[in-house]
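Per TrEMBL, S-adenosyl-L-methionine binding site is recorded for Q253, E303, N353. Residues or ranges marked as domain 'Methyltransferase' by TrEMBL: 274-338. For C381, the entry in TrEMBL reads active site, nucleophile.
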Amino acid sequence: RKKAKGSCSLPEPSWEERLANAVTPLWRLPYQEQLQVKYESQRKILQTLASRLEELGIDAQKPGGLCCPLQPVVPSPIINGYRNKSTFSVNRGPDGNPKTVGLYVGTGRERNIVCVKANHVENIPSKHKQVAQCYEEFICRSPLDSCILFHEGGHWRELVVRTTSCGHTMAIITFHPQQLGQEALATQKALLKEFFTCGPGAVCALTSLYFQESTMTRCSHEQSPYQLLLGAPHISEELLGLKFRISPDAFFQVNTAGAEVLYQAVGELCQATRDTVLLDICCGTGTIGLSLAHRVSKVIGVEVVEKAIEDAEWNAAFNGISNCEFHSGKAEAVLPQLLASWEDARPLVAVVNPSRAGLHYRVVRAIRNCSSIRRLLYISCKPEGEAMRNFLELCCPPDPRKKLAGEPFAPALAVPFDLFPHTVHCELVLLFTR
């Protein structure tokens, strides 16, 4: 960096520092200070929600200008190497090597993307780094190019690594087939299998190795099936005394130890009793519903990823849980049908855990218009984003034009959980009641 005349010039940060600053911006702070930074950011979000509700004519201001009481951030039981899933890219490294496996520094807009090895990044476990290093060694030996830009050709793309506390490791390699025929593809798959079975990659001791041919940036199993090259089709995780089966694309909280703390708290906040029906929306592999099944009369899970529902049903059967039913499909299609004819007299508690895109408007409308739901827990990894729109839709006065006829909810309590140490992100649990 150039400094003004007469001032001291600071040395340029190394590529490793740049990557750490991009991926784990709080890495230099002691952990207690990280929690304080996150508490302040959650406080601002609740202040924003309070003022947005005021604009809708709702008196939502509580002490400190918040919309509801905010508890301190619940710390993560594990601070370093907690991630059970990492996605590595293939691109040019700082040294110009186009087959560098790591994480991005820079942006596509600025056209200054560099792929930096993640060996020093504190939230990634050593096993993930080991698999990434072996994958880089394999593609560097390969005569095929990496696929940096689709229109420029090349084949080797992303690597996803998933691990569990049971010691299982799954690797998923994304490959652009370009114009390769089936024989050439079969050769590449055989070479990969050999490398990770009896070559240098054997050190990774993979439980599962998957291969996905993808011509798009992101591809579901339905669009392009995950092909199992080696090992078991699933890996297993234990959480709150239950065993969970995980498919390649199934959602599972990225911090398993943190998720245990989160789900225990969700159980308390639900105030569920033996006659309660728990509605688990965006249920993934069923972790929340199954972990609370012993407390309630019945669990109903809804999830868009078909393979995750297969996992959820297997998880229920394997753990001997018989009071759960799971529905596969988009929540906006499934939920209105489920709730429109709801005549069950039992109390209904809803838990929603959507992606960063938030809930579809039709899901919010179905929840609002189902008078049996008096208590709703919204778990959000990005409450300042699309989730904010959901919060306002849940709490706004009835609006016939938007078909929001039901009694509005009100925010009652906010509890942040630090599932992502060293980053600025937080998982916020917001309790709504009516």
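Placement of Cβ uses the backbone N, Cα and C atoms for every residue, glycine included.
Positions of TrEMBL features highlighted on the structure.
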residue: Q253; record: S-adenosyl-L-methionine binding site; contacts (Cβ under 8 Å, 6+ apart): A259, L262, T287, L419
residue: E303; record: S-adenosyl-L-methionine binding site; contacts (Cβ under 8 Å, 6+ apart): C282, C283, G284, I309, A312, F326, H327, S328, A331
residue: N353; record: S-adenosyl-L-methionine binding site; contacts (Cβ under 8 Å, 6+ apart): D280, I281, C282, C283, G284, I288, I379
residue: C381; record: active site, nucleophile; contacts (Cβ under 8 Å, 6+ apart): R356, L419, H425, C426, E427, L428
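Those same-chain residues not listed among Q253, E303, N353 yet with C-beta within 8 angstroms of the centroid of the S-adenosyl-L-methionine site C-beta atoms are F251, F252, C282, C283, G284, T285, T287, I288, I379. Secondary structure of the domain 'Methyltransferase' (274-338) per DSSP, as helix, strand and coil residue counts: 30 helix, 16 strand, 19 coil. Maximum intra-site Cα distance, S-adenosyl-L-methionine binding residues Q253, E303, N353: 15 Å.
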